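K.L.:
Here's a structure for you.
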């Protein structure tokens with residue numbers, strides 16, 4: 001091979017398929033105290049990889065990033081040999097290629113096709129606090145600082161831990177040995193097989209060896225060394241929940257342990273394949289970048305996502321724990337057993353796990369009715385992003401995603417939530433049993449839609465086109481349609497739905513932004529027989545000519561699209577909501593509100609019509625329509641709570657929410673009982689939050705009294721856990737420095753992550769400027785506010801109408817410090833920019849934002865680059881929206897509340 005072609009190969013980010021690993025044998029030793037000369041924490045390691053040569057070559061490329069190698073035998077930094085005394089070519093030269101993250105080995109001779117070889121290396125890496133690769137996490141227990149060595153290999157950080165072929169399709173078996181201090185426990189993917197006390201270089205250590213893993217991807221490897229303890233159960237599979245000793249002693253792991261077994265059983269039945277490993281470990285970490293990570297056999301979590309305290313956690317915390325465990329366990333088969341070829345298909349992996357996590361939780365907690373909540377939590381959430389011209393299709397071409405940063409960008413709302421929504425739609429039009437059958441075929445073979453077609457044939461499912469042809473429209477083009485039904489004529493049309501009607505779509509679509517759309521619909525309160533398909537841009541369905549009856553389409557929002565109607569049909573639907581709203585399914589009541597508000601944003605219906613969908617809510621007690629309304633009114637608050645429209649809007653919402661507040665007061669026997677149903681518990685929180693926020697005196701007195709009782713007896717917090725977030729916020733908003741100081745001291749002493757999180761948000765609710773300024777300043781001191789929480793605090797202050805300008809001034813003043821001092825892993829700059837600019841809606845704010853961009857343009861905005869550009873675009877859109885709608889909204893709110901001008 002010529003020198004030139006070698007250099008060319010080392011500049012390509014993708015590995016060739018010349019060499020395929022069989023197994024790795026790895027020993028790692030993290031040093032949990034800093035090096036005396038540098039103050040750095042390090043780990044040392046040695047590794048052997050056995051690989052087969054598939055195509056002869058004299059060049060070995062293997063991933064390596066930020067590792068320092070020891071020179072062996074005074075020659076090179078690696079040793080190449082052949083097993084069983086065979087011969088291997090001599091090494092000519094070795095070097096590191098930082099740009100493509102390779103360790104490059106140039107040989108004198110060629111490797112022989114079909115022959116196996118061993119590559120050995122010794123290395124040192126930094127055990128940094130950067131939340132990537134093998135890293136360290138710190139926490140305090142009983143006044144003592146503790147260090148955990150833990151890992152996050154996904155997506156491209158295994159190479160920061162040991163040299164490896166670090167691509168998802170290149171699977172191998174891992175033999176892992178960990179060396180760690182006495183008094184600590186070592187965990188990895190496999191079960192521990194041997195634990196011995198020994199001495200290395202005069203240091204007393206424990207050496208733990210693990211059973212070899214199944215054949216798997218490098219990104220799923222996990223290692224944790226800590227002084228944690230665990231609770232466990234063993235039926236067919238050993239399940240262990242690991243956490244800080246204090247958390248386990250307080251029973252914070254019990255719920256996770258109780259729910260993991262049933263969810264694991266559900267997936268074994270669902271996939272029709274037994275769980276392939278001998279154990280399932282779940283561990284809660286103090287510092288963790290993602291919500292959780294599906295490492296095969298050792299799942300890692302943020303503490304708030306795994307731990308649940310029956311005394312102080314809310315039902316929302318409980319649902320979070322169950323849903324995230326289910327999401328990660330779904331990956332044990334789909335993702336880990338069968339793995340995507342490359343990162344351009346992330347949506348299939350993450351969308352699938354998101355969709356089936358609802359099924360897993362539904363099995364473990366059948367009375368929660370959790371399957372419906374995907375509409376609020378995923379579908380509505382992703383509609384907002386997918387209606388912008390900056391969106392992207394679910395699937396992208398393999399060669400367009402190459403750099404590590406591009407890989408990380410794939411893990412977004414589109415991949416998770418749109419992926420889940422589109423798979424839910426597929427399951428709906430195939431039927432769940434046929435969907436599962438197609439999936440089981442898929443688990444055995446590969447990830448293509450043709451297997452679904454086999455399942456369709458086997459079950460005689462009637463579809464207008466093959467599955468692939470239908471699904472490609474939803475997978476290969478961005479966005480989604482709005483279906484418009486004209487009930488006088490029965491004409492049904494589709495078009496690409498864009499939130500900003502004046503925006504230009506520059507991304508070309510192979511299908512010209514037309515979809516094959518499954519429509520379930522009802523007339524006169526009855527669901528109409530078979531599914532109807534809209535197969536072109538415009539069609540006529542004569543049965544939808546409804547005369548004086550209303551038509552409602554997209555029953556239970558199973559289709560990934562919005563629906564608009566002629567005005568006459570809207571009027572009939574509004575009349576039905578007013579007279580007997582239960583005739584319309586609860587998901588569709590939520591959907592009508594969400595569709596109407598978004599159609600109004602897109603100027604397809606009037607803003608007044610959107611507002612009119614809320615006026616029946618004084619009769620509504622269900623959670624989903626209320627939550628949908630509050631989500632949509634959130635934008636109105638952002639745009640209008642610093643204008644003269646604020647008070648009429650408050651009066652109107654107070655009028656709607658007062659009956660709901662009294663409904664829950666009655667249901668809970670004057671606030672002493674907890675409502676039975678999961679979603680009722682959620683809606684009780686909405687009732688208290690909005691009644692207090694809009695100034696209902698009875699509500700404010702209630703929350704102030706509860707908070708005062710807690711202040712009088714700090715050890716006895718009797719506030720019902722579900723209500724704590726709302727009560728803390730309301731009481732701190734109504735109170736002064738004394739209440740705030742009390743909240744701060746409780747935050748400092750909180751032993752449960754989710755309780756700390758509620759207090760952290762509530763402290764930003766105060767209306768006192770000097771307290772908000774003090775709170776903002778605390779984010780510059782990581783002993784007061786953890787780095788990973790700083791952006792959350794600043795964003796929370798910005799979401800307070802009094803704190804908005806304070807937070808923006810603070811970010812402008814300290815941007816350089818935050819940008820240089822707070823590492824990218826720990827600090828979410830994108831959400832920070834989104835948070836402090838969310839209310840921007842005046843020409844002056846647009847100018848300030850432009851100046852901010854100019855001032856810091858040279859240094860760049862790192863991970864927030866896109867967010868800053870989106871903030872500019874959003875501010876311009878907000879200015880326009882206010883100009884077009886403010887007067888109409890003001891008139892309407894006043895007309896509803898009898899012109900109460902205060």
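Please read every residue number as a count from 1 along the shown chain.
Backbone N, Cα and C define each Cβ position, glycine as well.
Automated prediction, rather than curation, is the source of TrEMBL annotations.
Annotated active site, proton acceptor per TrEMBL: 328, in sequence order. According to TrEMBL, the feature Zn(2+) binding site maps to 327, 331, 350. The domain 'Aminopeptidase N-like N-terminal' feature in TrEMBL is assigned to 21-220. Summarising the annotation, TrEMBL assigns domain 'Peptidase M1 membrane alanine aminopeptidase' to 255-444. Annotated domain 'ERAP1-like C-terminal' per TrEMBL: 550-876, in sequence order. Annotation source TrEMBL lists site 'Transition state stabilizer' at 416.
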K.L.:
Please compute the mean pLDDT of the model over the domain 'ERAP1-like C-terminal' (550-876).
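P.N.:
A mean pLDDT of 93 is what the predicted model shows over the domain 'ERAP1-like C-terminal' (550-876).
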K.L.:
Other than 327, 331, 350, which residues of the same chain sit close to Zn(2+)? List them in sequence order, counting a residue when its Cβ is within 8 Å of the Cβ centroid of the site.
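P.N.:
Other same-chain residues with Cβ inside the cutoff are 294, 328, 330, 334, 335, 349, 352, 353, 354, 357, 416.
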K.L.:
Pop the Cα-Cα gap between residue 416 (site 'Transition state stabilizer') and residue 327 (Zn(2+) binding site) into the table, whole Å please.
P.N.:
11
K.L.:
Taking the Cβ of the residue listed as 'active site, proton acceptor' as the reference point, list residues of the same chain whose Cβ is under 8 angstroms away and which are at least six residues distant in sequence.
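P.N.:
282, 292, 293, 294, 299, 301, 353 - these are the non-local Cβ neighbours of the residue listed as 'active site, proton acceptor', listed in sequence order.
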K.L.:
Could you tell me the C-alpha distance between residue 350 (Zn(2+) binding site) and residue 416 (site 'Transition state stabilizer') in angstrom, no decimals?
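P.N.:
Between the Cα atoms of residue 350 (Zn(2+) binding site) and residue 416 (site 'Transition state stabilizer'), the distance comes to 5 Å.
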K.L.:
Tally every other Cβ atom lying within 10 Å of the Cβ atom of residue 327 (Zn(2+) binding site).
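P.N.:
27, counting other Cβ atoms within 10 Å of residue 327 (Zn(2+) binding site).
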K.L.:
Where residue 416 (site 'Transition state stabilizer') and residue 331 (Zn(2+) binding site) are concerned, what is their Cα separation in Å, rounded?
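P.N.:
The separation of the Cα atoms works out to 13 Å.
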